[in-house]
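Database features, via Swiss-Prot:
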- 1-15: topological domain 'Cytoplasmic' (TOPO_DOM)
- 16-36: transmembrane segment (TRANSMEM)
- 37-42: topological domain 'Extracellular' (TOPO_DOM)
- 43-63: transmembrane segment (TRANSMEM)
- 64-86: topological domain 'Cytoplasmic' (TOPO_DOM)
- 87-107: transmembrane segment (TRANSMEM)
- 108-133: topological domain 'Extracellular' (TOPO_DOM)
- 134-154: transmembrane segment (TRANSMEM)
- 155-179: topological domain 'Cytoplasmic' (TOPO_DOM)
- 180-200: transmembrane segment (TRANSMEM)
- 201-224: topological domain 'Extracellular' (TOPO_DOM)
- 225-245: transmembrane segment (TRANSMEM)
- 246-250: topological domain 'Cytoplasmic' (TOPO_DOM)
Amino acid sequence: MTRETLKTLQSTFGEMVASFVFGFAVYSALLGSALTEQSAARVIVGLTVGFSGICVIYSFCDVTVAHFNPAITLAAILTCKLGVLRGIGYIVAQYIGFILAVCALLPCSPVGYKETLNIIRPTPSPFGGDNLNVFFTEFFLTAILVHVAFATAVNPYKPKTDTEGKFVDPDEEEPVDRRITAPLCIGLTLGFLAFLGLASSGGAFNPGLTLAPVIMSNTWNHFWAYFAGQYLGGFVGGLLQVLVLYKLSF
């Protein structure tokens, strides 16, 4: 087995574990805040999403892309920022990681199998959200997340240089090193987005988080609205950053 193959396997496995850790954290927060009837349930979940996202990115970015979100990975593939085969491998690993997170949560839950899955499965708001509300909410939330992920990590700005290493644009300045701040920025984005879908979709903006409890419960209500909104929003957010909002360098 070649060194490159081993690195690919490690990276793919790392993406699965990253998805597992993130998924287990979010599902646990959803379950715990629901069962204890916390008045600050959404705050608990939002903080968990944000802080766990920061920790997972910092912990796994040396061995994998640390997307733990198929919408980000697919957008990276479609904008040619990630190889097709490797990207598909990451997406499969992400889904497996989230499914394993659900499986790990079940023996930890004090309530039954079905009740646990009903709690952690994304559902429209009780205020009367329909499929159209869900679709547009997930579309915009995922587009924002993917744009931030692209701007800070997937496709950050790199000024053009000549053969001597000098900037082509004489007005160019040394770019900001985002390697340290990118996980913080993405994690904070995950956190505030978790509060924005309360009136409609609940705010999932991650096909992996959405699909795992849906598969385990075999309950597919509103699934297409979540999935379509997340993947389409992710693609639009990534494409916008690559083609329109990537800083011009002359």
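Heads up, the Cβ atoms here are built off N, Cα and C, so glycines get one too.
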Criterion met for the transmembrane segment (43-63) and the transmembrane segment (225-245) (at least three Cβ pairs under 8 Å): no
The topological domain 'Cytoplasmic' (1-15), counted residue by residue under DSSP: helix, strand, coil: 13 helix, 0 strand, 2 coil
Residues of the parent chain within Cβ reach of the topological domain 'Extracellular' (37-42), under 8 Å, 6 or more residues beyond its termini: 194-195, 198
